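As recorded in Swiss-Prot, the features of this protein are as follows:
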- Lys61: N6-acetyllysine (MOD_RES)
- Lys61: N6-succinyllysine (MOD_RES)
- Lys66: N6-acetyllysine (MOD_RES)
- Lys66: N6-succinyllysine (MOD_RES)
- Lys80: N6-acetyllysine (MOD_RES)
- Lys80: N6-succinyllysine (MOD_RES)
- Lys94: N6-acetyllysine (MOD_RES)
- Lys115: N6-acetyllysine (MOD_RES)
- Lys115: N6-succinyllysine (MOD_RES)
- Lys122: N6-acetyllysine (MOD_RES)
- Lys122: N6-succinyllysine (MOD_RES)
- Lys213: N6-acetyllysine (MOD_RES)
- Lys223: N6-acetyllysine (MOD_RES)
- Lys223: N6-succinyllysine (MOD_RES)
- Lys256: N6-acetyllysine (MOD_RES)
- Lys292: N6-acetyllysine (MOD_RES)
- Lys292: N6-succinyllysine (MOD_RES)
- Ser366: phosphoserine (MOD_RES)
- Lys467: N6-succinyllysine (MOD_RES)
- Lys473: N6-succinyllysine (MOD_RES)
- Lys502: N6-acetyllysine (MOD_RES)
- Glu378: site 'Important for catalytic activity' (SITE)
- 1-44: transit peptide (TRANSIT)
Amino acid sequence: MYRALWLLARSRRLVRPPASALASAPGLSGAAVPSFWPPNAARMASQNSFRIEYDTFGELKVPNDKYYGAQTVRSTMNFKIGGVTERMPTPVIKAFGILKRAAAEVNQDYGLDPKIANAIMKAADEVAEGKLNDHFPLVVWQTGSGTQTNMNVNEVISNRAIEMLGGELGSKIPVHPNDHVNKSQSSNDTFPTAMHIAAAIEVHEVLLPGLQKLHDALDAKSKEFAQIIKIGRTHTQDAVPLTLGQEFSGYVQQVKYAVTRIKAAMPRIYELAAGGTAVGTGLNTRIGFAEKVAAKVAALTGLPFVTAPNKFEALAAHDALVELSGAMNTTACSLMKIANDIRFLGSGPRSGLGELILPENEPGSSIMPGKVNPTQCEAMTMVAAQVMGNHVAVTVGGSNGHFELNVFKPMMIKNVLHSARLLGDASVSFTENCVVGIQANTERINKLMNESLMLVTALNPHIGYDKAAKIAKTAHKNGSTLKETAIELGYLTAEQFDEWVKPKDMLGPK
């Protein structure tokens, strides 16, 4: 039987279905029907675990329990790269569901059969809700335009809509993946649209909330530590005093700026390429289609999406994603500094700086009993390093848009989404398992501050830089205190030293 089917496909003898079959096809409602209909191979193969579907290259076996079709299967054959861990990110698939629903709704306004449009919208909603995730097997490493993933989405929505209308999977009747689901669209404008939708949602649902949580926790610690005076450090060496609260206020400001930078990049992310079709001209769309689709997407997501003012830029360049990735890269730099400072200040417990007492979350060593490590700081710094690497990849991808189309799209969005998720999740983890539980080791802080030679800086206005420097160097050489040395050198009295060297008076301008 299957040999006969293969020969039939090879000879391309496609038979026209009888008029009665066309008339009785479920849900046609006057919709355009292809001139030629593939042979009834799907029914013939249904007794097994697969059905036969066709693309322009010929027939392929498609698993009966999957909604995708021939083009998706062909992509799995051609791009066996990386395995399941390299699949197209779920946020992109969900974003496609949102886009396809919006497009179907607008296409209905322009004359698409309401029965077909409604079925597409229902199927697209299921995609957007994640109900059909198992039907998207394709990896990131495919065509750089994301065409295979766009067709994966089209096929899944088409077959699910056909099923809803009582039709036969793979028949493309009454809902065709290209003619109906992809109507007025191209992979070249749908994929960048899905990229922006996915990135915006991830930023708003994961990244910004995580950073805000971290900001608030650091701000609370800054206020809690406002009266604790400690020695400062520059070049990792002793410097003049400040409060632990002041030190933490620097971290607060860094995270505040991170949020500001990310928000500043979002207006370009809100611009959608939909309506540009193949090269940005809008071929095969209707006037107003782009604006209406953007408005529908905005309504569905609650985010201020608009149509891109220049579709040529929206298809050929992805500077908006590079900009957002750059903001996240800067955020990673900030978080690397913050996490490193906190773990170094908490080093010890007896042989390090030991100014901070960090929460103990789990055993730290398989050989050293009782050892506890700053694991949340380590996780955060690894995340920061990964985000920096992701930005390099995004930068390379963004710089390689050639002529009318950038063909690094899947790789770019994979890394942008990865960075947003990692930074958001790590911020929450770092906050809940480290920052909120940080305590100040005031005994250690006071000891280190009182032993610091840099308190001598307070004497500059009274005895001059050169004498103050001699006090510090002599005290360091002899192992004596600043006060003892200053008196021994005859530069000032004990009373003068006590009056002039007061750490609490060294915290700001007079």
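Each Cβ is built from the backbone N, Cα and C atoms, and glycine gets one as well.
The model shown is predicted, which means the values in this text are computed figures rather than measured ones.
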What whole-number Å value do you get for the CA-CA distance of Lys94 (N6-acetyllysine) and Lys473 (N6-succinyllysine)? 66
Any idea what the Cα distance is from Lys66 (N6-acetyllysine) over to Lys122 (N6-acetyllysine), rounded to a whole Å? 17
Conformational class of Lys61 (N6-acetyllysine) under the three-state DSSP mapping: strand
Cα-Cα, Lys502 (N6-acetyllysine) versus Lys467 (N6-succinyllysine), nearest Å, comes out at 18
Of the recorded positions Lys80, Lys292, Glu378, Lys467, Lys473, which one sits closest to Lys256 (N6-acetyllysine) when you measure Cα to Cα? Glu378
Can you figure out which of Lys292, Lys467, Lys473 (the modified residues) comes closest in space to Ser366 (phosphoserine), comparing Cα atoms? Lys473
